[in-house]
Amino acid sequence: MPLNRCGATPGTMSSVEKPVPGYPEREQWTRQMDFIMSCVGFAVGLGNVWRFPYLCYKNGGGVFLIPYLIIGVVGGIPIFFLEIALGQFMKAGSINVWNIAPLFKGLGYASMVIVFFCNTYYIMVLAWAFYYFIKSFNATLPWSTCDNPWNTPSCIEIFHHEDCLNGTIGNTTYGNMTCEELADGRSPIIEFWENKVLNISQGLDYPGSINWELLLCLAAVWVMVYFCVWKGVKSTGKIVYFTATFPYVVLIILLVRGVTLPGAYDGIMFYIKPDWSKLGEVWIDAGTQIFFSYAIGLGALTALGSYNRFNNDCYKDAFMLALINSGTSFFAGFVVFAILGFMANEQGVDISQVAETGPGLAFIAYPKAVTLMPMPPVWAALFFFMLLVLGLDSQFVGVEGFVTGILDLFPGKYYMRYKREISVAICCLMCFIIDLSMVTQGGMYVFQLFDYYSASGMTLLWQAFWECIVVSWVYGADRFMDDIARMIGYRPFPWMKWCWSFITPCVCMGIFLFHLFNYKPLTYNNTYVYPWWGEVIGWCMALMSMLCIPVSVLYKLCRATGTFKEVSINIILCSLPTWVAASLAVRGLGQ
């Protein structure tokens, strides 16, 4: 059989005498269930519990499930499986795993940039939740009344909308306020959120002072994350048993309580009733939600997979985890809309007027809901503790993925005692320093800037597109299927190869281009428009990850010698079999 230019038989791997020197034996999960629970804890987060139900209600109820499931099958599951399998096969984090195609190692650096940004701003949601959790330990919830120092004269506890509609309220019925004035009133929960928690300023160019209470909550949450991650997967794998399961317990309790409330049936029907007229409009939201909720492109799934046993059946794991992820989203919708239906019934308004997304739903709608329940402080403490736990496991698994990628860059000869503990501390400290800008009066504007650009749908879609292209067309889809067969003992269904090669890249690039062509400037609450320099900062954050791929390719090509064809063969093909054979030799499978 002829040899290629690298001296290897086509379709086989070059043999090596010794494994890659200097790299210590990789840590493994104590039990396989540790890996499953860690993936559940990371992928199942705030996006599943609030963003999915909101998008479902916004895009025609049950009809949203059709494109959601289709894109999940052709895009979400294939890339989810690809990232876990790649980490398990290469036994490396999000950077070194791309040694299978050294020319495109920028993919690893891009995922590190994305997950670093995500770790930086995502923890603010946990700081807000911790703040609300502490404030829940009061006989009267501070966001339920209008007699607090942060309240304004426009604050109204009960709006009496039904009396205005019936014409029974007069100028003196409620604090000498007419119906027109009542319509302009503000709820105490909104004033608590904006005037007390955020103390929000006029805009991004007015940072204002630091909220010291919020700063202490932020520091406390980072300390929790540090001590969950500092000892590696041996400790992380145990903590997620609680953090991944406890939210389900609370969701079940909230569902049982929610369905017994008046108006819950109307809320649930509003959630699942399909509006077929919107079927052609929902595909973009469905695609971005899949990539968000499956945590694709962040490199953390690759890091978690790298701690698996080499022969673990990651193919079955991928399907099971995807089912848990999407099932949690669907289940959470019933909890959310049962309570929203109750709120709409109490306030005498349509459900569409009480459902908000993101922080608005988490920190406005739900705090209002608990004030309408018996024993509000108990429900408030339970809910915000769930919110804290739900985000905490996503946060420390994200930090774990980032630290794993960094440590993999340093072989064993650079061993230093407490190297991992120091690396985790530096990572947490860097993120904390950046977070200081988000606990100021203008912090919400900074938070939304990070959320919209740094780890947005565009950056994740760009990352997923190149992952598929590199694995299927540079490394080779058939070769990777053979590698998976070496691990799990059988070849996955060819559908995966077809998705990696054709379907998934087309879906990713199609949604990416639609986002690009329909780009709209960032706003806050649909009223404040970000200044031009704010958008420039946002695009710089997005390009910091997106440019890692082409810049690294150009850098390697410029550093190489010879013709373009020779460089391509040497960089893409020659170093690839050597690395993979060495990786297999580490596990006693080299030829």
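Glycine too: its Cβ is placed from the backbone N, Cα and C atoms.
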Consult TrEMBL and report which candidate among C146, C164 shares a disulfide bond with C155. C146
Between the transmembrane segment (460-477) and the transmembrane segment (210-229), are there at least three Cβ pairs closer than 8 Å, leaving out pairs fewer than 6 positions apart? no
10 Å Cβ neighbour count around C155 (disulfide bond)? 19
Closest of the recorded positions to S293 (Na(+) 1 binding site), Cα to Cα, picking from V44, C146, C155? V44
Return the member of V44, C146, C155 nearest to L390 (Na(+) 1 binding site) in space, with distance defined Cα to Cα and candidates limited to these recorded positions. V44
Lying 6 or more residues past either end of the transmembrane segment (422-440) yet within Cβ distance under 8 Å of it, the residues of that chain are 116, 119-121, 123-124, 127, 201, 207-211, 214-215, 218-219, 222, 225-226, 229-230, 399, 402-403, 406-407, 416, 446-447
